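Reading through the structure tokens given below for one structure.
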Amino acid sequence: MPADQRPLAIALMGPTASGKTALALEAAERWNGEIVSVDSALVYRGLEIGAAKPDAAMRAAVPHHLLDLRDPWQVYSAAEFAGDARQAIAQIVARGKLPILAGGTGLYFRALLEGLSHLPEADRAARASIAAEAAQIGWAGLHSELARVDPVAAARIHATDPQRIQRALEVYRISGRPISYWQALPPGLRLPVRVLKVVLAPRERAVLHGRIERRLDAMLAQGFLAEVEQVRALPQMRAVAVPLDLPAVRAVGYRQAWEYLDGAGSLAEFRDKAIQATRQLAKRQLTWLRGELDARWFDPERDRHQLERALVGFLGDRSAVRQASGV
């Protein structure tokens, strides 16, 4: 079988506060790279301090992609991310540079590296109608309906799982095809690059927790709450009926800050809630990352030499690329 001749890229994955940004910058400077953000908070304008967005100096030193794509009252889907990321990667490769995918949003990584199924978008009216029917006949009755229109999905979905029953019926009603049809379609196109997956994660949970606390305190000292107040004051945000439903506001830290500024609890209670929410996010991220069986794990502090050897072994000597691109 012929060797994979696709250009190389690296994916720097890991829980929040694990050091991905610093490593991405180091790798970009050493191997002539450009950074593609894989972070669902960094796509929103105005989310700076609380999202740990790369500052102007970092962006001047290394080109960054997929930052500040939407306003905080707008929505940005994983499918949109995958399309934008593919375009950015192709442009980086065309310049003879190394794409460095850095972030911790698992859904974005899956959409890009594995592809998404072609499921229709959610439909609020259809969901409301199904919920009203459930109130009348129960979810078991709706499961029976699902068994008639999509026996394959009904066999996988338990009669006591209302969320999945609702979604399966919603897809059928708005598309005319069962959800099992959509899920059987090929998920997406092959990436034009060969990717080394690197996971940065401290071996000891206490170390990661300490990093999370220190980072939040630094954000507060830099004016995080004032930043959230500025976002809240935007006319478009004030016009939103339920701001806490917006993806930008649901970002970890921002939701807790929003609730605090709404008058929920003391500053100390906000800090505790934000730290706890960030720890829970890190736990979810680690659970997802353990499923990435082809990824290589490194402790960001203990495994520096092993990490460097892994990167050098994969990337080799890219000095010729630097010379060709004039960098």
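Note that Cβ sites are derived from N, Cα and C of the backbone, with glycine treated the same way.
Database features, via Swiss-Prot:
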- G14, P15, T16, A17, S18, G19, K20, T21: ATP binding site (BINDING)
- T16, A17, S18, G19, K20, T21: substrate binding site (BINDING)
- 39-42: region 'Interaction with substrate tRNA' (REGION)
- 163-167: region 'Interaction with substrate tRNA' (REGION)
- T105: site 'Interaction with substrate tRNA' (SITE)
- R127: site 'Interaction with substrate tRNA' (SITE)
Local backbone state of R127 (site 'Interaction with substrate tRNA'), from DSSP in three classes: helix
Fewest C-beta neighbours within 10 angstroms among the binding-site residues G14, P15, G19 belongs to G19
T21 (ATP binding site), DSSP three-state class -> helix
Distance [Cα-Cα, Å, rounded] between G19 (ATP binding site) and T105 (site 'Interaction with substrate tRNA'): 15
Where does the mean pLDDT land for the region 'Interaction with substrate tRNA' (39-42)? 98
Any further residue of that chain within 8 Å (Cβ to the Cβ centroid of T16, A17, S18, G19, K20, T21) of the recorded substrate site: G14, P15, A22, A52, G104, L200, R211, P300
Compute the C-alpha separation of S18 (ATP binding site) from T105 (site 'Interaction with substrate tRNA'), stating it in Å without decimals. 13
Check the recorded positions T16, S18, T21, T105 for other C-beta atoms within 10 angstroms of each C-beta and report the one with the most. S18
Counting each residue once, how many in the region 'Interaction with substrate tRNA' (39-42) are helix, strand and coil under DSSP? 0 helix, 0 strand, 4 coil
Among the recorded positions K20, R127, the one whose Cβ has the most other Cβ atoms within 10 Å is K20
Around the ATP site recorded as G14, P15, T16, A17, S18, G19, K20, T21, what other same-chain residues have a C-beta within 8 angstroms of the site's C-beta center? G104, L200, A201, R211, P300
T105 (site 'Interaction with substrate tRNA') and P15 (ATP binding site), Cα-Cα, nearest whole angstrom: 9
Length of the line joining the Cα atoms of R127 (site 'Interaction with substrate tRNA') and G14 (ATP binding site), in Å: 34
For A17 (ATP binding site), the nonlocal same-chain Cβ neighbours (under 8 Å, six or more residues apart) come out as L208, R211, I212, R215, T278, A282
